[in-house]
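Annotated features, as they stand in TrEMBL:
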- 63, 64, 65, 66, 67, 150, 151, 152, 153, 154, 155, 156, 179: (6S)-NADPHX binding site (BINDING)
- 64, 146, 182: K(+) binding site (BINDING)
- 11-240: domain 'YjeF N-terminal' (DOMAIN)
């Protein structure tokens, strides 16, 4: 089965439809939960715990970074040892909830008065460190999740991200990118020069639908986001593959063919 790629503009419109109470009915935290779950399952497929449990999640300030935070929680529950590098924290209060809960066991002496009891219940037994120095963290990790930028990235890279992208690009460990390899233009693919021009992650998970830049990608490609309604899929002309069993991801080819993947 081939898949239709969706533009950045349509992806943003689709997200709004999904969160419209009269169309999709989803909330942002629900979609982020399902996206992060999909990311964690893709990681499990390409890098099971037996291949090395130390997973470094590099998060950006937007929704892509939020997906990474959720994925880290699921990976901890799968038996991995995740750590998070979050150089520019998002302003959305929802991200702060994720951050404070993930750090809950790092702050045992100060009770956390979060109102989001659901996340607190899920994560109170987890101890996920937030690191501040990326190069040594890469050296001691077995796998890296690039959750920096998603479909809304339009460039250019701003500090501190050029250095971060270069460090990920030259890392000797496997990398999985979320929705699009960070630094890539969502429409035209990798930059011609500079940070990211040679970045080719080992795996990529497209969320909801592939983005046009996927035609430049060579590696293992997954589709995640088992939440599209038939009406929304028809509106955007999207293909909804058959997800096996209870899986939240399905592996798909990336060979371009007439605007399809």
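Each Cβ is built from the backbone N, Cα and C atoms, and glycine gets one as well.
A map of TrEMBL features onto the structure.
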residue : record                   : CB count, 10 Å
63      : (6S)-NADPHX binding site : 24
64      : K(+) binding site        : 27
65      : (6S)-NADPHX binding site : 28
67      : (6S)-NADPHX binding site : 31
146     : K(+) binding site        : 30
151     : (6S)-NADPHX binding site : 28
153     : (6S)-NADPHX binding site : 22
155     : (6S)-NADPHX binding site : 12
179     : (6S)-NADPHX binding site : 31
182     : K(+) binding site        : 27
Chain-mates of 64, 146, 182 with C-beta within 8 Å of site centroid, K(+):
58, 60, 65, 68, 147, 148, 149, 150, 177, 178, 179, 180, 181
Between residue 65 ((6S)-NADPHX binding site) and residue 182 (K(+) binding site), what is the CA-CA distance rounded to a whole number of Å?
11
Residue 65 ((6S)-NADPHX binding site) - helix vs strand vs coil (DSSP):
helix
Near residue 182 (K(+) binding site), meaning Cα within 10 Å, which of 63, 67, 153 (binding-site residues)?
153
For (6S)-NADPHX: widest Cα to Cα gap among 63, 64, 65, 66, 67, 150, 151, 152, 153, 154, 155, 156, 179 in Å:
22
For residue 146 (K(+) binding site), what is the secondary structure state per DSSP, taken as helix, strand or coil?
strand
